[in-house]
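Note sheet for the following structure.
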Amino acid sequence: MIIKPKIRGFICTTTHPVGCEANVKEQIELIKAKGKIANGPKKVLVVGSSSGYGLSSRITSAFGSDAATIGVFFEKPSSETKPGTAGWYNTAAFDKFAKAEGLYSKSINCDAFSHQAKQQVIELIKQDLGQIDMVVYSLASPVRKMPDTGEVIRSSLKPIGQTYTATAVDTNKNTIIDTSVEPATEQEIADTVTVMGGQDWELWMSALSEAGVLADNCKTVAYSYIGTELTWPIYWHGALGKAKMDLDRAAHALDSKLFATGGSANVAVLKSVVTQASSAIPVMPLYIAMVFKKMRQEGLHEGCIEQIYRLFSERLYRVDGQAPAVDSENRLRLDDWELREEIQQHCRDLWPLVTTENLSELTDYNEYKEEFLKLFGFGIDGIDYEAEVDPNVTFDVIEL
């Protein structure tokens with residue numbers, strides 16, 4: 001079929017398999033160009049490995065450190081009438097390129113919150129790898145099916161205490177709008193913590209630990225975003241922020257357990273990037289368009305892959321073997337460049353000046369749109385989008 005982008009709300013409902021493969025290849029080439037990570041991990045589990053930071057973590061582990069990787073994700077293959085999800089094609093491409101270089105690559109398509117997923121991963125590690133030395137937790141799911149009861153809990157992207165009103169961009173109409181989001185109820189806050197907090201990360205780590213598949217020096221990291229006062233009402237001070245604070249709680253608990261065997265657990269606070277997850281958060285697309293332009297001008301721009309390479313090479317696996325610098329909450333801060341005062345002041349000054357007419361001129365909004373489409377395999381140089389492509393891409397995947 002010939003596949004063109006179709007946007008609905010903040011998601012693109014179509015994907016291009018050849019474009020997704022090109023994206024993955026581009027990330028791999030970038031890692032290869034940066035060079036090997038001297039003390040990098042060798043056997044890595046990535047929970048939430050099919051897009052965004054999770055995918056970049058799998059690529060960095062495999063191609064930056066020659067690691068064997070197991071990826072866990074929830075994606076859909078193509079059907080008779082429509083292509084598969086971007087994450088399906090991303091993982092198929094990763095698997096192809098990893099195996100071509102003789103790297104161990106196993107993928108499990110499942111509900112990562114389930115007991116079954118954890119058991120399958122444990123069996124796979126015991127059978128093929130013995131133990132693992134790195135666990136990346138990078139789930140970005142709006143819902144969680146509770147593994148014991150089957151109850152489905154939903155998260156909310158809402159402020160706490162009062163209605164949040166701010167200037168935002170309507171990404172469908174490319175216009176500047178005022179958006180208002182009603183505050184979350186106590187139940188919605190609690191549910192958001194249940195879905196996006198640290199509980200499932202802890203469940204993964206205890207299941208792996210009890211099964212004896214964690215190596216003595218095993219590191220684990222989960223990803224977070226804090227941002228600044230520009231996005232705090234909807235993010236850090238909102239329901240989502242409460243979940244991310246629970247991730248901090250989990251990191252402290254896990255770190256004290258792993259410390260005994262020479263391991264560690266940290267939250268890594270990353271910069272804002274264009275991902276399927278961030279595009280769903282009100283105000284984030286406009287903020288990203290502003291901050292990206294300034295960071296590009298300052299030569300500080302990073303995408304997911306650059307961030308994760310820096311996390312691995314300069315924080316978790318330093319050449320000198322020293323412990324990484326952390327903040328007062330034991331977090332690894334990779335948002336340090338974005339939070340520079342001159343960058344943030346620029347955004348604070350610019351925010352009230354942006355209109356529909358000057359949006360493309362004052363910000364990198366056009367680039368934001370391009371990067372968003374690229375997530376789904378569209379708008380990539382060298383690909384003929386008028387050509388017929390086969391949406392049915394198969395690879396070595398365990399379906400649960």
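These residue numbers are counts, starting from 1, taken along the chain as shown.
In case you wondered, yes, glycine gets a Cβ from its N, Cα and C as well.
Per Swiss-Prot, the features are as follows:
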| type | residues | note |
| --- | --- | --- |
| ACT_SITE | Tyr235 | active site, proton donor |
| BINDING | 48-53, 74-75, 111-112, 139-140, Lys244, 273-275 | NAD(+) binding site |
| BINDING | Tyr225 | substrate binding site |
| SITE | Glu75 | site 'Plays an important role in discriminating NADH against NADPH' |
Where the distance is taken from Cα to Cα, which of the recorded positions Glu75, Tyr225, Tyr235 turns out closest to Val274 (NAD(+) binding site)? Tyr225
Tell me, by DSSP, whether Lys244 (NAD(+) binding site) is helix, strand or coil? helix
Whole-number answer please: how many Å between the C-alpha atoms of Gly52 (NAD(+) binding site) and the residue listed as 'active site, proton donor'? 18
In all the protein chains shown, the tally of other Cβ atoms within 10 Å of the Cβ of Leu139 (NAD(+) binding site) is 22
Spatially, which candidate from the recorded positions Gly48, Glu75, Asp111 is nearest to the residue listed as 'active site, proton donor', comparing Cα atoms? Gly48
What's the CA-CA gap between Ser50 (NAD(+) binding site) and Glu75 (site 'Plays an important role in discriminating NADH against NADPH') in angstrom, rounded? 8
Output, ordered by sequence, the same-chain residues six or more apart from Tyr225 (substrate binding site) with a CB under 8 Å from its CB, or 'none'. Tyr235, Lys244, Val269, Leu270, Lys271, Ser272, Asp335
Applying a 10 Å Cβ distance cut-off over all chains shown, what neighbour count does Glu75 (site 'Plays an important role in discriminating NADH against NADPH') have? 20
So for Gly52 (NAD(+) binding site), how many other CB atoms are inside 10 Å of its CB? 24
Do you know offhand how many angstrom separate Leu139 (NAD(+) binding site) and Glu75 (site 'Plays an important role in discriminating NADH against NADPH') by C-alpha? 12
Asp111 (NAD(+) binding site) has how many other Cβ neighbours within 10 Å of its own Cβ? 16
Inter-residue Cα distance where the pair is Glu75 (site 'Plays an important role in discriminating NADH against NADPH') and Asp111 (NAD(+) binding site), in Å: 9
Can you tell me how many other Cβ atoms are located within 10 Å of the Cβ belonging to Tyr235 (active site, proton donor)? 25
Need the DSSP three-state call for Ser50 (NAD(+) binding site) to compare against my parser. coil
